[in-house]
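Record features (TrEMBL):
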- ASP33, LYS38, THR89, THR124, GLU153, LYS261, ARG326: NAD(+) binding site (BINDING)
- PHE150, LEU151, ARG152, GLU153, LYS202, PHE247, LEU248, LYS249, PRO250, GLY251, GLY255, LYS319: substrate binding site (BINDING)
- CYS258: active site, nucleophile (ACT_SITE)
- 312-409: domain 'UDP-glucose/GDP-mannose dehydrogenase C-terminal' (DOMAIN)
Amino acid sequence: MGAARIVVVGTGYVGLTTGACLASLGHRVTCVDVDEAKVARLSMGRVDILEPGLADLVERGLANGRLSFVVGARAAVREAEGVFLCVPTPMGAGGSADLRAVEAVTAEIGDALPAGCAVITKSTVPVGTAKRIRAMIGRRDVPVVANPEFLREGTAVRDFLNPDRIVVGSDSPTAARWVGELYADLAAPVVLADAASAELVKYAANCFLALKLSYVNSMAELCERLGADIDLVTEGMGYDRRIGRTFLKPGPGWGGSCLPKDTSALVKVAESVDYDFRMLTSAIGENIAQRDRVVAKIAGACGGTLAGARIGVLGLAFKAGTNDLRDSPALAVSSVLGALGAEITAYDPAVSGGIDGMTVVDDPYQVAKDADVVVVLTEWAEFRNLDWLAVAEAMEGDDVVDTRNLLDPRVILDAGLSWQGIGRPRAAKRQIAFTADAL
Ligand code: UDX
């Protein structure tokens with residue numbers, strides 16, 4: 001396929017990555033947003049999202065003329081061969097996906113689309129959305145294709161350009177094949193499907209990942225109670241190729257902009273066809289239980305009560321490598337700690353500015369100052385390399401709770417502190433020599 005004329009509606013993290021990457025594959029891409037100031041910034045190559053490689057691709061696309069940014073979808077689509085819908089589909093009332101943005105764009109562009117132009121959903125949308133868009137547009141000459149993204153924040157560009165697979169689904173096989181061809185240079189397997197199956201793949205994959213993590217977090221709890229070590233258990237499990245070694249790390253619970261909303265949405269979708277997806281409901285419940293267990297562990301380190309405790313928090317983003325706070329387990333844990341009376345000082349290398357209920361500082365050592373307990377909530381590698389002796393000196397207490405099993409317990413013990421992770425034996429200060437050897 002030669003260069004296709006593509007319009008991408010929505011310049012959030014999915015839309016901007018999609019637009020910039022499709023331009024880097026040689027297509028002519030116009031990115032549209034309703035936010036004029038954002039369009040002006042992007043047209044000058046200014047990218048607000050922390051996403052490695054994205055700003056470079058935007059700059060290159062602007063320079064070679066394959067990428068442009070405009071306001072107004074209706075005018076932009078008039079010459080398009082394909083229009084990607086990359087607008088937000090947040091969690092709406094009752095846990096279902098809120099499709100108002102998708103519907104608004106569809107209504108805006110429907111009769112302006114040239115004949116044969118494919119409308120392609122990229123954001124995660126409930127099963128049946130392609131059909132609904134088709135009915136809304138009401139034109140036989142405009143096919144609708146579901147082409148879900150599988151981008152992780154922090155590695156979105158790499159994921160886009162090195163996909164495990166491309167999924168395209170439509171009731172028009174020709175349109176689905178055409179969308180698959182847009183990615184021909186990526187040499188990834190293409191799964192051609194009907195629209196409903198393609199839409200479901202995204203939920204099925206994300207919800208499976210959530211199940212995997214809730215399972216690991218439950219297993220970590222079991223390890224603590226049985227005196228086993230989750231790191232060794234998951235290492236032993238992971239060599240089984242049917243299970244795989246990734247996505248097996250326990251933590252303070254799973255979060256971010258996708259897993260929580262997609263799990264809730266799929267439970268709702270299942271309900272709508274009278275299926276009680278108990279396995280998924282229980283994974284969601286387990287995620288809340290995990291947050292509460294982490295809070296209880298921190299309370300324990302504070303001597304049983306959080307009222308008046310000074311807690312130093314390392315990490316606020318939902319995972320390392322991003323500044324995204326949406327549905328961040330670190331914020332969820334912090335807010336429960338705050339509600340129970342703890343005083344929180346937090347540091348995150350990618351987050352600045354005010355957050356209700358805590359003091360955010362721009363120096364990791366400041367969180368340690370007079371802290372009773374220091375808690376690692378996001379797995380930023382730089383926390384591993386802190387001067388833990390300096391942290392110990394600044395602290396009032398001597399407990400470190402590492403909810404990401406990120407730190408080397410020996411380093412923490414050597415600094416004269418105690419370490420406890422998730423699903424691993426505690427390394428207590430009093431048993432320095434013995435425990436350090438045992439680790
Ligand atoms: C996810 C999916 O991975 C991606 O395919 C989809 O397109 C969007 O949703 P993302 O939200 O960027 O991507 O985050 P991801 O890296 O999947 O992590 C999700 C959550 O699970 C985070 O809170 C993370 O900290 C947690 N996690 C992940 C763990 O606790 N342990 C792990 O081993 C992996």
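The backbone N, Cα and C atoms fix where each Cβ goes, and this holds for glycine too.
In this structure, the binding-site residues that sit close to ligand 1, with a C-beta under 6 angstroms from any of its atoms, are PHE150, ARG152, GLU153, GLY255, chosen from THR124, PHE150, ARG152, GLU153, GLY255, LYS261. Distance between Cα atoms for THR124 (NAD(+) binding site) and GLY255 (substrate binding site): 16 Å, as a whole number.
The distance from the Cα of GLU153 (NAD(+) binding site) to the Cα of LEU248 (substrate binding site) comes to 18 Å. Candidate recorded positions: ASP33, LYS38, THR89, CYS258, LYS261. Nearest to ARG152 (substrate binding site) by Cα distance: CYS258.
The helix, strand and coil residue counts that DSSP assigns across the domain 'UDP-glucose/GDP-mannose dehydrogenase C-terminal' (312-409) are 27 helix, 23 strand, 48 coil. Among the record's substrate binders, PHE150, LEU151, ARG152, GLU153, LYS202, PHE247, LEU248, LYS249, PRO250, GLY251, GLY255, LYS319, no two C-alpha atoms are more than 23 Å apart, and one pair sits at exactly that spread.
Under 8 Å, Cβ to Cβ, and six or more positions away along its own chain, GLY255 (substrate binding site) finds PHE318, LYS319, ARG326, ASP327, SER328, PRO329, ALA332. Burial estimate for the recorded positions (LEU248, CYS258): highest at CYS258, by number of other CB atoms within 10 Å. LYS202 (substrate binding site) sits 10 Å from CYS258 (active site, nucleophile), taking the CA atoms of both as reference points. Sequence-distant neighbours of PHE150 (substrate binding site) (same chain, six or more apart, CB under 8 Å from its CB) are ASP159, PRO163, ASP164, ARG165, LYS202, ALA205, listed in sequence order. Spacing of CYS258 (active site, nucleophile) relative to THR89 (NAD(+) binding site) is 10 Å (Cα to Cα, whole number). The DSSP secondary structure for LYS261 (NAD(+) binding site) is helix. Around THR89 (NAD(+) binding site), the same-chain residues at least 6 positions away in sequence with a Cβ under 8 Å from its Cβ are ALA97, ASP98, LEU99, ALA101, VAL102, SER123, THR124, VAL125, LYS261. ASP33 (NAD(+) binding site) and PRO250 (substrate binding site) are 38 Å apart (CA-CA, integer value).
Once the Cα atoms of ASP33, LYS38, THR89, THR124, GLU153, LYS261, ARG326, the listed binders of NAD(+), are compared pairwise, the greatest separation found is 25 Å.
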